[in-house]
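Checked Swiss-Prot, it gives:
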DOMAIN    6-121  domain 'Response regulatory'
MOD_RES   D58  4-aspartylphosphate
DOMAIN    155-256  domain 'HTH LytTR-type'
Amino acid sequence: MMTSMTALIADDEPLLRHHLNRMLADVWPELEVVALVGDGQQALTSIEQLQPDIVFLDIRMPELDGIAVAKQLNRGEYRPTIVFVTAYDEYAVKAFEQQAIDYLMKPLSEARLIDTCQRIKARQQPTVSPPDVGALLSQLQALSKPAQPQYLQWIRAALGDDIHLISVNDVLYFKAEEKYVTVHTLAKKEFLIRMSLKELLAQLDPERFWQIHRASVVNVAAIEKVQKDFTGRMSVTVGEQKLPVSRGSQHLFKGM
């Protein structure tokens with residue numbers, strides 16, 4: 001006969017904590033929920049004190065998120081069964097499934113909860129191997145990292161009837177010309193791009209290219225000189241050109 005089990009629920013949304021607690025009372029009356037907590041740090045403290053058999057762990061929580069809590073538990077001596085409560089997309093769910101980890105998707109489904117509870121009970125049998133929590137956490141951590149933005153490295157631009165591929169390293173500055181943008185390069189050539197300056201700017205690395213005027217975007221590395229006259233007007237010298245800097249963009253050169 002299986003001994004009664006205990007559980008802890010960690011979720012920063014009070015309504016969801018209590019909702020899950022009520023659902024567990026319905027689908028698994030023998031399960032004793034020993035604590036409801038609202039953040040990751042409270043979860044770790046309560047788990048250490050109460051040592052529940054099961055932890056229902058929301059992934060996104062203040063203080064420590066669910067992944068950080070699970071990583072700490074996975075390194076410790078006491079390792080409860082973890083059920084992640086998640087609003088993650090399908091790719092993360094596949095990671096759960098590959099590692100045979102229990103998870104509940106928000107909004108909570110009673111059918112899914114029943115299935116999870118049955119799997120937990122079955123897993124108490126000594127012949128069942130424990131899931132590889134560490135491998136799952138590594139996958140989740142990778143999924144949690146924001147993707148690095150991909151900025152333009154090469155630009156397709158026209159010179160006469162020909163299309164050229166220009167490295168952004170060779171660009172001095174871009175200048176808006178009605179429906180086009182002209183590309184001014186180190187080779188003292190001017191190319192045309194058929195897009196607005198706003199569209200182009202969204203694809204450029206903001207650390208390398210600054211919009212200094214509504215009509216101009218300059219390669220910061222190409223700036224040779226910054227000047228300010230007695231009236232407060234600022235300009236930069238790029239190549240052989242002197243380009244005006246709008247008052248709204250002068251903060252970019254503070255400290256220069």
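Each Cβ is built from the backbone N, Cα and C atoms, and glycine gets one as well.
Here the structure is a predicted model, which means the values were calculated and not measured.
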10 Å Cβ neighbour count around D58 (4-aspartylphosphate)?
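Result for D58 (4-aspartylphosphate): 27 other Cβ atoms within 10 Å.
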I'd like the per-state residue tally for the domain 'HTH LytTR-type' (155-256) from DSSP, helix first, then strand, then coil.
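So the counts come to 18 helix, 53 strand, 31 coil.
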Look up the residue listed as '4-aspartylphosphate' in the DSSP assignment and report helix, strand or coil.
strand
Over the domain 'Response regulatory' (6-121), what is the model's average pLDDT?
85
Quick check on the domain 'Response regulatory' (6-121): DSSP residue counts for helix, strand, coil, in that order please.
56 helix, 26 strand, 34 coil
